[in-house]
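Structure record follows, encoded as structure tokens.
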Amino acid sequence: MALPDTAPLLVGLLLLFHAFGAWAIVEVNMEDKVEVMAGETAQITCMFTTDEGLGGTTIQWFYVLPNKERQRIYNKEPMHEAAEQNTLFTHRISLNVNGTAAVLAIRDVGVRDNLEFICVIKTLTPEEAEGRTQLQVFKSPTFPTIEAVETGISVNEEAPSKIGSCRVKNGYPKPHITWYRNNMPLRNTPREVVVTSSTTIESSGLFSVQSELTMKVKKEDKDAVFYCEVIYFVPGATKMTESQHINITVYYLPTEVTIWVESPKGKIKEGDTLELRCDNNGNYPSSITTIKHQNSEYSVENKTMVRTNVKRLDGGVYECTFEETDNFEVISRSTKVSVNYLESAVIMPKDSIAVMEGEELKASCNALSSLQTSTTWFKNEKLVSKGNTLSVKSATLETAGMYKCVVTVPEMEGMKTSSTLQVNVKGSPQILGPDVQEVETYETTVNLTCSATGFPAPTIMWTTSDGKNLNALQTETEDGAQSVVTFKITPNVKVFCNASNDFGSKVVEFNIKTILNTTLTTITSMPTISTTTRSTTTISSDTVVHTTPTTTTTTSTNTITYDTVLYNTSTANTTIPSTNITFINDTVTQNTSTNYVNDPVQTPTKSPNIKKESKGFVIAIIIIAIFLLAILGSVLYFLYKKGRICGRSGKQDFSKRKSSKDNIVVEMKSDNTEEAILLGVNGEKQQPNDQ
């Protein structure tokens, strides 16, 4: 009976609590938006408060579908929690509750996660609260690429022409493209600038944007720089990046044409290579450039015309013409070219001139030139006169010769011409050298040369003091004649050179002297050697051989050669000197073999010729020595015949005596002897194998 009475009491208490507002209080606070880069982890925080505490609190997470409906993705109750299955976030989300903060973590977010998320807090009482946060995902686009038109653009185009295109890919949110010219942004301007853009949503949900710029170009745009700028968003900021810079080719008609001489610099002379250059301030491709000169038209390559080896007729006016074939516009400009020249030098009188000795010589030299000239005269490469006129008041034979006139242009290097003039002076011949010429020779024949000057060219004759005429060859020279004769020397005979022409003659005498080639060689300071020498003199017919035993302790050798000297020295390890002196005709030869022990060998060399002042003295001594030897030989021969020497009369036989290398043999031959007669110690002729 008691229970029925309490039930109504409880119901009444509940109604009383509700009437007086005794329900639980729940509050939720969330950020309006959370920004994150694609691929990162997003954290959405739900801050809540409740009077019941966490024991009886339920937390639920939802996201808003495009149709505005809710899709629960996570549910947490006091005794159970789990992610909802088969949603976009089933395997990517987790919930972390710390006190009154519930944090929803979404891993590897993408642009499709750019949604509105709802956090709902419930208690044991029917009260609940919720909060909302917008998740914003960002993706930076690729670096922009820009392409310029490959063809040129004409300033004469009426409609705007395409400049280029700019493209950026895979950005989120959608990036924006702005065009710039010379750092100034380009905006759409009717009939001037048009910017068109197109957007593509990739399968990943990212945006790709392409922009195209068209505009009406001007001449100034040939140097303009174009580029595009991309603006994109990142968490908490806006960024910008620029593309590469491009230039375009702008075709425009010229307003001015110029023509000038590129080479040579300065003045032009005949023979130069002329290079003319023609240019304009336009660059239209459909154009023709030509250069005209005296009704002749020349092609132009790379704006240049070349003419080689120009002449004076190549001077004049050159006109450069530019013609645009599309619009048939023609523009031209001209310049004047002067080709300087220097003609060949002309001497008057021409080629040669003949004047009498003592008369005045006059000649002129001129060369026609477009510039001021300078004239000089040379003879034998030496400067003799300056100016157009060559003048000699009193010509002499030395005036004759070849003269060269040189004409130059001082202000232009390389302009030079010349001509020659042969000057002949009429007069008596002159022979080079003194009137009496001394000639010395070692030979039996001599070549004599006679050079004579004069005009007309003299005739040269050779004669001798004994009245003979000599045959000789004569050659003409630049200023006369020359003759060479070969003369066989005859004692006391002189040779004369006679040069003559229409104006007189000249004679020169040649005195010829024979020089004996005399050499005197002396070797002194020979070592002292104790030796015994046996000397033998034999007299037979016209030959004298003398033998005398002698003893000497010092050896000194003097060799005197008349006409020819031969001196030989050899060494061995003995102490036996031997000397063999032979007089044959006018030749004296001494062969000496000297043997020394432990003494260095000295080999004399050919001594220099004795001076002319001592030659006669030496020859006289040699002749006297030969004469005394002949007398001595004759006396010895006479005494031998009379038996006054060697204790015998008549012939004495020496055949039993041995000849040795110590004997000195003197052999004298007459001029007519054709072979040498070898004599033994007994004066009889021996065969060669008896020696």
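Each residue's number is its place along the chain shown, starting with 1.
Cβ atoms here come from the backbone N, Cα and C positions, even for glycine.
Nobody curates TrEMBL annotations by hand; they come from automatic prediction.
Because the structure is a prediction, the values reported are computed rather than measured.
Taken from TrEMBL, the feature signal peptide covers 1-24. Residues annotated as domain 'Ig-like' in TrEMBL: 4-136, 144-247, 254-338, 343-422, 429-513. Marked as transmembrane segment by TrEMBL: 617-640.
Just going by CB pairs under 8 A, the stretch in 4-136, 254-338, 343-422 that sits most against the domain 'Ig-like' (144-247) is 4-136. Counting residues of the domain 'Ig-like' (144-247) by DSSP class, helix then strand then coil, yields 5 helix, 61 strand, 38 coil. Note: the domain 'Ig-like' (254-338) comprises 3 helix, 50 strand, 32 coil (DSSP; helix = H, G, I, strand = E, B). As a whole-number mean, the pLDDT of the domain 'Ig-like' (429-513) in this prediction is 89.
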